[in-house]
Amino acid sequence: MQGFILSQLILLVSTFYLVFFEEVDIDIFFVFSFITVSILAKEAGDWLLGRRCLFDPASFVSIFSYVYFFFSPILQRHWQFWPSFPELQFYDGWLIFWSFLMMFGALIYRFSAMLLTPFMNKPSMYIYSFDKRRFYFLSIVFTFIGALSQLFIYIKFGGVSGFMNTFTERQDLSAAVFDPFSGMGVQMLLADGYRNAFAVLLVVYFMDKPVRNKWWFFPAIILIMVFVNFIFGGLKGSRGAVVYSLFWGVGMYHFFIKKISIKYAVSGILFLFVFLNSYYWYKFAGLDGLQAIWDSEYRSTLNQGLREENVKFVLSRDLGRMDFQTLTLRKVLDDDFDLSLGRSYISSIFSIIPDSLLSQENKMPSITKEKTELIFGSGSYVHGDIRATTNLLGQYGELFVNFGLVGGFAFFTFIAFFVTFIKKFVVGLDSKDVRLLLVPMLSLLVIKFFMYDSAVFSQFLLRNFIYIMPLYAFSLVRNQRG
């Protein structure tokens, strides 16, 4: 009960802020959004009180709901900030309908979770550990492959500074016009994937070393991971390369070295928002953007087009999907778009094949086809055309594109099933079982379902697990529990 009260209190304080500081009107859209979060919020309170596992997926959904279903949509509508979909200013009724569907979806999620909860797993009969010889041998091999791949990339572009300059030029001209990284999918995949293998190696190596008890050990581990994450993928503008791998590394530290307190976890969430807001400028402007982080006058001179309002863009597009999903609702329910009936999910299988092995022209078009035609009309998609959108729908939107309202409702049932599955998985494991190292990233996937399309999600899985899967497949040893 205390967790529920705390979660509702946070929601009321959030409402107070929006109404009295942002001057948001309380209308039917606001009410639907408020009820949605009220339905989903309980675990957030329990999590803040330390009554739930720090990496509990249900808590992640609950905490994320404050942003995804409340702050992001309410403020985007209040600001009338539509960087990619200006026509939405004329479709407020559809925005209200979206908020109603989210409220109904939250009820489906709660009901589905309630039905699934009794089927919790019994404790596993086995404990899995790593065969140290095989583990370290594979880690050395993967380190060699990852380092060689990243070194090849940097040498090709004249070193780290040359790589960053090339990235800056790419951002200035847009990837549709100038993409110097085209054809380097295999090398970048092998380089980017290494940062997670490095985190596993770091945690497993230090898990039984006395130095782990030193006060400076945790900050040192964080700095090392951040550095490696920037070197292996972060310098090409991927905030996720830094954030997600660091999240996974910190989670592994939590399970196998030392428990992390709630106050540090909350500090990490605040750091995330600061990082998203700051590194945004490098992502969209390259080296020019680094100066913009510190110089507001220079920032205002950057030609960022519709993305110049940084905080609004981060909150509306980086942390929300209301705008594109609302456009999808309108087009599909007005019979202005034919359902894809699973086509985009089939095409996502091909998205993980590097272009150097199978060119884009020979692949089945990804969901970019549907997304482009949602915006510009049937038949408007042409591979390589500048109109081919990179805006993300999230799985709710993609299921709606494929199966209509039924798909949208199925999304919330699937989320409940996935959350329950991960919770059952964790409950059944011994505290020394190395499968716990996978839990932070598996729990994070529930947020990725809200944010990613299937093609991006498939690439995310491949990039993050390309070394982890063989490491587990060839190093795990099963022992009888007890």
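Heads up, residue numbers simply count up from 1 along the chain you see.
Placed from the backbone N, Cα and C atoms, the Cβ positions cover glycine too.
Caution: TrEMBL annotation is automatic and unverified by curators.
According to TrEMBL, the features are:
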type: TRANSMEM; residues: 16-41; note: transmembrane segment
type: TRANSMEM; residues: 95-115; note: transmembrane segment
type: TRANSMEM; residues: 135-155; note: transmembrane segment
type: TRANSMEM; residues: 188-208; note: transmembrane segment
type: TRANSMEM; residues: 215-235; note: transmembrane segment
type: TRANSMEM; residues: 241-257; note: transmembrane segment
type: TRANSMEM; residues: 264-282; note: transmembrane segment
type: TRANSMEM; residues: 399-422; note: transmembrane segment
type: TRANSMEM; residues: 434-451; note: transmembrane segment
type: TRANSMEM; residues: 457-477; note: transmembrane segment
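Counted as Cβ pairs under 8 Å, contacts with the transmembrane segment (457-477) are highest for 188-208 among 16-41, 135-155, 188-208, 241-257, 434-451. Tertiary proximity for the transmembrane segment (16-41) is limited to same-chain residues at least six positions away from its ends with a CB under 8 Å from its CB atoms, namely 4, 7-8, 10, 61-62, 65-66, 69-71, 73-75, 77-78, 92, 95-96, 99-100, 102-103, 105-107, 109-110. Long-range Cβ contacts of the transmembrane segment (135-155) within its own chain (Cβ-Cβ under 8 Å, at least 6 residues beyond either end) map to 162-163, 184, 187-188, 190-191, 193-195, 197-198, 200-201, 204, 231-232, 467, 470-471, 474-475. Residues 146, 150, 160, 163-164, 167, 188, 191-192, 194-195, 198-199, 202, 206, 241-242, 245-246, 249-250, 253, 258 of the same chain lie 6 or more positions beyond the ends of the transmembrane segment (215-235) yet place their CB under 8 Å from a CB of it. Across 241-257, 399-422, 434-451, stretch 399-422 shows the highest tally of CB pairs under 8 A with the transmembrane segment (95-115).
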